[in-house]
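J.: Pulled the feature table from TrEMBL, pasting it below:
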REPEAT    215-249  repeat 'PPR'
REPEAT    320-354  repeat 'PPR'
REPEAT    355-389  repeat 'PPR'
REPEAT    390-424  repeat 'PPR'
Amino acid sequence: MKTLLRRIIIPYTKSSSSINTNLPRFQNCINTAAESPHTAAAQEEEEKTAETITCVCKSFSNNLNWETLNRKLKFVDVRNSAIINKVLIQLQEPPNAKKALSFFHWSSHFGNITHQTQTYALVIHILVNAKLIKDASALIESVLIRSVTGNLKDPDCKGSSSVLSFIHSLMSSYEVTSSTPFVFDLTIQICSKLRMIDEAIDVCFCLGEHGFRLSVISYNTLLHVIQKSDKTKLVWRVYEQMIKHRTYPNEKTTGIMINALCKQGKLQTFVDMIDRIDGKRCLPRVIVNTCLVFTMIEEGKIEDGLVLLKRMLIKNMITDTISYSLIVYAKIKLGQLESAREVFDEMLKRGFKANSFVHTSFIGDYCKAGKVEIGDELFKEMEHIGLKPYNDTYTHMIVGFSKVGRFEESLNLCQKMVHNGFIPSCLTFSEVVKMVMDVMEMLREF
């Protein structure tokens, strides 16, 4: 395996596993002190604010009813978000979490205001720390719904997504409340429950960029909702992100992804591909992971695909034979044919058998480059060593012969393809029709 891992050469990128400490500190949002030296008036104002905060905290500690609170705290400027947030911080310990929630609701009612996202974030962190999950969930659901309907008060949201703005508020208040990553898992799960698929995916990527890792339960919740929707294709983006940030799938994840493959009509395609490579049926997780890496290579995300392949190999999420074959395929796609041959030779030396997928990949590249003779040699070699050509193999050779004017060999191979039970692809059929038309034109001219 060490030799194989060395073959997966990827560019160095800085790890994102640690939490990004460059987030704006929440203290900056609630700090009202000026940077210049304190004047007597400023000092007096700070003392007055401190007395107000102490009075509010004591009032809520005494469990007064709202009518009494309204009379006793009528001097409090609840429209001042800095005061609101400072009171919440004073009440952030788990035994005071209910009081913090009561103050949050009272201040909104008393001042007839909608709280800012920073205030929501503070209360949610406090509730999660106190394990008041039901209350925290209700607030998260409220703020998410408000964010998409445009009823969320957020002075810092300038054209960006309100949901992402809320997530940034959660991240910036994370340390000041000594919170737990579960708050982000809870947010993703509720976002998924509300069928806010695009927003949930944006949140997923945003959290990953800032070093917060979601649980496999959260990913499964999101993947399940996407798979059941009309946006099934998006499951692969989320699954890629999941492995990228080292949250590894479990059996439930694999089941969801297999269902996605069935829904997309791709399951049999990848089962057949693995049969050609490994010569036997593999575990469902191997099918899913092969599909992900192959698709990434096909889409041109080759380096990213190889990064994930390396992690899968280390975690035994994919077989060595498939890994070698995909590395060869990736190098062919990169135009590194000599390097691809070296990997293939190494694969054979290490006791792995040649397979029709790798041969077909080489044949396709040679035919595309106009080197049909070499492609034909590999095609005959396949038959000689007992490897069965399949649709793609025939298509590469038929199109390759046609491009260099070897029409008779192209037609013969097309007939052989049909005789062996393969249906010509649209590309093959179009090429044959074009070739016949060219021949007829030549005969007319003759």
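Even glycines carry a Cβ here, placed using N, Cα and C.
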J.: Under the DSSP assignment, what numbers of helix, strand and coil residues are found in the repeat 'PPR' (215-249)?
T.: 26 helix, 0 strand, 9 coil
J.: Could you break down the residues of the repeat 'PPR' (355-389) into DSSP helix, strand and coil, giving a count for each?
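T.: For the repeat 'PPR' (355-389), the helix, strand and coil counts are 26 helix, 0 strand, 9 coil.
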J.: Tell me the residue counts in helix, strand and coil for the repeat 'PPR' (320-354), as DSSP assigns them.
T.: 27 helix, 0 strand, 8 coil
